[in-house]
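Data first, discussion second: the structure below is written as C-alpha cells.
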Amino acid sequence: MGQDTWWNKIRVSLMVLWILAILQSTNGDPQTGHITPRHDDDNTLSALGHDADVALPIGLPDPATLRFGQLFYQDAPGQTSYGGGNYSFFIRYNLTDAGTANEALHILLVLAGPSDPNHPGALARPWAAIGYGESMLRGEMNVCHSFAATGEDVKVHEHFTMKKYLAPYEYEGPNQLVTPIQGVFRNGLLSCHFKRQTHSNDSLHYSLDVHGATRMLWAFNPRPQKNYRGEWFSYHDTGHRGALVANLADGMMAPRDTPNFDLKALHGFGMASVWMILFPASVFYARYLRSKYGWIVFHISAQATGIVAICIFLTVILLEVQYWDRPHSILGATLIGFLAVQLSLGIPNVMGLWNEELDRIRPVIRLIHRFLGATLMLASVVQVYLGLDTLFPFAEPRVVVVWILYFVVIAGWVTAFLATELYFRRRLVRKDVGMGGVVIPPSSQGKNGGGKYVAAKTTDLPAMQVDMMQERLRPGMRTFTWQTLNETILGGEMLVVANSRYVYDISKWIRSHPGGQIILHAVCGTDISNDYFHEAGFDAEEFTPKPAVPAQRPDRIHAGAVTRVRSGSFSVSISPSEVQSAIETTRRLPSMNEQDWRHITKSRRTHVHTKLALQKLSDLIVGELMPSDDAPFDESIKTLAPSLKSATSGTGIPFDRYEFRRYALTEKELINPTAIGNRTPVYRLRFCLLYPYDTRDNEPEAFIPGQCIELQMRINNRLESRYYTPYTGSLTAFEIHVKMYDQGTMTGFLKRQRVGDRQYRIRGPFGASILPEAWRRVERPLGMGREEKRLCYFAGGSGIAPFLQVVHEVLLPVYVPLVVTSEYIPTIPDELVLNPGDRVIAKHHYYDGWCLGMNLTTSTEGVFPLSATAPPCNPNSKLVLIHSIRTPDEIFGREVLEGVMLSYPEQLAVYYFVDSVTSPIELGVVQQGRLTQKRIDAILTEVGFESEGGVDLTEEAEEEGTKSCVVCGPPGYDSFVVDCLMECGVGGRGFGREVKVLPSDRWVEKL
C-alpha cells in the first residue's frame, strides 16, 4: 500500500513538471492555438481570459464552484471569423468520487460569441465538444448541440468517430457514460453541464486514467451546415479544433500536436499516383509495347521508381501516425508485403533472361509474377478507395474533384487495357495455322516444289516466300552460306535465318527480347521460322510414337545355348522386292517415343509472334542465304546398308551439313554408376531434332560408320564446339556416349544439364566412312564368298565410339534381311519358329544374343536368336577390337559387344588392355597392363591380319581393302599405335589407305 502511494506521488510530480515545462514554452498565447494554464484564484470568467461582463444563464453552476478550468480558444482583439464573430471556448470541471467505482467528471462547456443575434457572426445552431482519444479518426466525443435559435433546447450526446474525416455518429446504445444535467443557448452563449463517468465496462468507451496523461480533443463550430445525414453537425473550421494532454486529477493541461492532415494528403496522393498511374503504365508498356527496343528498361525503371516512391510515402505516414486496426492500414500492410514478394519474383524473372539456372524456373516465376502483379493492381484500386474515403469521405462530397479524378483514372485504364487487348487479338495477334496451313504458294515454288509442309513459308511475309535458289533476290545485301554464317557468328555477330533464305541481325534485341537472352543465343545461326510462326505443339498431330518394345523376359534361355550352323548351303538370294519392302518399312518406322516428344515440346519455348514482331524482324534484315558450293553429302550412296540412302523430301530446302539445327536432350543415363567417386563417369545422351518434320532435300537417313556431329553451345559467354560420334540413330534422333569431366568445358556443361531444359545446336554429319571399299556393298547379305576380310580397330578410351557404329552397321543392322542357318524351336510363347533357309529381319536388338523381329517367310513376329542366322557379312569376315582403358568401368558399349559375341562369335574378337581390373569382364580377352608392340604383333598374327612373311601388303590388296586398321584415341596414343603397326609390317606404301587415324578432337573431311 505504501509503495503504491509513493509511486502515485512520484508519477504525479513528474507529470506536473512535464506539463509546466510545456506551458512555459507556449507562454499561454491563445492566438497560436495553445491552451492557457488554469486559474483557481478568481471566481470570474476574466480569470479564464473571457470578458468579465458575461454571465452564465441561471440554472447552470457557477464556474467558480468548479475547481479546474481551461481556455481552449479565443479570438484575439480585432480578429474576426464567420462574418466578424469573436469567439471563445472554455471548460470547467470537477472530479467527484475520486478513486471509487462512481468516479466521474462534472464538466461545463461554454462557447461564447456575439450577443447580438443579428450579428453576421452570431452563433447559429452551434455545437461544441470535448473528446478523448488520439485524433478525430479514432476517438469518443461528448458533443453539446443547440438545434434552435435560442432557448434551453440544448442536448449533450455521445458521438464516436467514423474512422474517417466525417461527422461522428451519435451513439444511442446501452452503457452510456454521459449524463446530461442542463444546457442553455442564450445571448450568444452556448452552455451545457453534464457528467461523464471515468470508468468504462465495454470496449467502445474510453476509460480515463485521471492520474495519468489523458489524451483529449476539443472542437466547435459556431455556424454549422447540414451534413450528409441532414444534421446540423458539419465539419469544424481548421482553427476551431485542437488536442491536449491532461492530468485530470491535478487539472494540468498542455497542448499537443495531432496528425498533420497535409502529410496524410501527401501520403494519399503519392501512393495513388504510384499505384494507379505509374505501375499501370509500366504494365501496359511491358505488355503491349514490347516490340520496342528498351521496353524492359522502361518497365524496370518505372517499377523501381514506384517502389522507391512507395517507401518514401510509407515513411511519411509511419512517422506521422500508425493505426494498424483499420482496413486501410491492414490492406496497405498486406500490399507492401506482397509488393516485396513481387519484387523478389521480379528480380529472378529479369535475371532469368540471361542466367541459365534461373531460366529453368523462370516460366513458373513469370506465371506467379504476372498473377500476383494483376492481383496487386486490383487490390490497389480498393486500397486507394479506402484512403480517399478516409481523407475525403465519399458520403460527404466536400472535395468532389478528387473522386471524379479517381473514377476517371480507373475508367481510363480499363478502357485502355480492354481496347488495346481487343485490338491486339483481332488485328495483331496471329494464330498458329498448323503444319497444313504453312505452304509455298505455287507461283513462288522452285523446281523442287511440291506443296508439302515447309515451316519457314508464311502468308504473313510475302517477300519471304522463296526457295533456296542460286539467284540473288537482293543484290545489294550481304550474302552468306551456312558455313560462312557460322564463321561470322564466331566473329561476334548475332545472326539468324528465317525462311531458310534471309539473314537477320538480332543483336539489338539481346537485352529486350521478352523470351530472354538464352533463347536468342540458342537460336543464333539457325533457322527461326518455326519458332516465329508456331506454338510448341503445332505438329503434335503428325507425331506417331515409336512402337513400344517389350522387355526381355528373364526366363528366356541363354543365347549361347542355341545351336549354331555355319554353312554356305543356306545361301539364299533375296528378291529385290522383298529388300525394298523391308527398306520402306524402316523408313516409315517412327524413331521417337512419347518421352522424346514430351521433352521436345518442352524445349521449344515457341509461340506465334504478333505482326508487330514480324515487322520488327523485317527491319533487322542484313543479308540473304545462298546454297553452299559444297555438294550435298552423298557418301551414303556407297554405304553397306541401303536404308542409309538419302531421300528427296521435296521441300525446296537443300540439305547442308554446315547448317546448325537445334535439338532437344530427351534422355540422359549414367551407364557406369560404379565409376562415380574414383573414375570418370560416362553418360548416354539422346538428342532429338527440335522440329523432326521440318526436313531437308537429300537429307541422310542414317549415319555412316566413321561420321560425327558437331555440338556447339554458348558456355561462359563463349561459343564452344566439340565433335561426338553417334553410335545409333539418324539426324532425327541419335545417341552418343560422353565421358563427363568435371573440369571439361563442354563435358562439365553437359553434366549439369537436364532433359528438356534447353536447345542444342548440332550440325553434320562430317567425315567419310571408315569401312574399306570391300566392305561397302549395296546388296544384303554380302554373299557367302570365301575371301578373308579383317578390320582391326585400335581404340583408346572413348575412341571406341566409331567402332560401335561399325558393329551396328556390319553385324547388328535392323530391317535388313537375314538368312536362317539353324533350326530353332521356341521354348516360350513369344519366340519365333525358325527353319533353315527362312528369311528374317531384326527390329530391335536386346544385345544379349536375342532380337525382336519378323520371319518374312512365315509372316510371323516375335523374338529369335541371332545365332541361328548367318551374319550379315560373309562368314570369313572379322572385326577385331583392341581397346585400351584404365578400368572396366570406362567401357561403354560393352552390352553391344557382348551381344555380338553371343550371336556371331566368329565375326568379332575383343581384346581389352586394362591398367587396373576392378571388376570382371565376362567376354573378350582381358590383359592387365599397357598395349605394347609385342602384344600388337601377337594379336595381328592371331586374327590372321599379317600378310605372308610379315611384309607390307601389296597395293592391289590395299585397294581391295580386305585388311585394314583404324586407330582412334587420345593424343599420343594414335602415333604410338601407328609406329607399332609399321614395325609389324602394316603400312608402308599403303599408309593412309591400309591404316586410318581418326582424330579424337576434330573431324577430318577426307581420310
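Our numbering is plain: 1 for the first residue shown, then up by one each step along the chain.
Cβ coordinates come from backbone N, Cα and C, glycine included.
The signal peptide annotation in TrEMBL covers 1-28. TrEMBL lists 87-221 with the feature domain 'DOMON'. Annotated transmembrane segment per TrEMBL: 265-286, 293-318, 330-355, 367-388, 400-424, in sequence order. Sequence annotations record features per position, and here TrEMBL assigns domain 'FAD-binding FR-type' to 658-772. The FAD binding site feature in TrEMBL is assigned to R722, Y724, K739, M746. Under the heading domain 'SH3', TrEMBL lists 813-874.
Shown here: features listed in TrEMBL, placed on the structure.
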{"residue": "Y724", "record": "FAD binding site", "Cβ contacts under 8 Å, 6 or more apart": "C708, I709, L711, I736, V738, A801"}
{"residue": "K739", "record": "FAD binding site", "Cβ contacts under 8 Å, 6 or more apart": "T680, P681, V682, T747, G797, S798, E890"}
{"residue": "M746", "record": "FAD binding site", "Cβ contacts under 8 Å, 6 or more apart": "L711, M713, I715, E720, R722"}
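Between the transmembrane segment (400-424) and the stretches 265-286, 293-318, 367-388, it is 265-286 that has the most C-beta pairs under 8 angstroms. The listed stretches are 293-318, 330-355, 367-388; of these, 293-318 has the most Cβ pairs under 8 Å to the transmembrane segment (265-286). Using a 10 Å Cβ-Cβ cutoff, R722 (FAD binding site) registers 19 neighbours. Here the transmembrane segment (330-355) has Cβ contacts under 8 Å with residues 296, 300, 303, 307, 310, 314, 324, 361-362, 365-366, 368-369, 372-373, 375-376, 379-380, 382-383, 386-387, 513, 516-518 of the same chain, all six or more residues outside its ends.
Sequence-remote contacts of a segment are chain residues at least 6 beyond its ends whose Cβ falls under 8 Å from one of its Cβ atoms, and for the transmembrane segment (367-388) they are 268, 271-272, 275-276, 279-280, 283, 327-328, 331-332, 334-335, 338-339, 341-342, 345-346, 349, 394, 402-403, 406, 410. Other than the site residues R722, Y724, K739, M746, same-chain residues with C-beta atoms no more than 8 angstroms from the centre of those residues' C-beta atoms, the FAD site, are L711, Y723, V738, G744, T747, L750. Across the domain 'DOMON' (87-221), the prediction's mean pLDDT works out to 86. Sequence-distant contacts of the transmembrane segment (293-318) (same chain, at least 6 residues past either end, Cβ-Cβ under 8 Å): 263-264, 266-267, 270-271, 273-275, 278-279, 281-282, 285-286, 336, 339, 343, 346, 350, 353, 508-509, 511-512, 514. Largest Cα-to-Cα span within the FAD-binding set R722, Y724, K739, M746: 12 Å.
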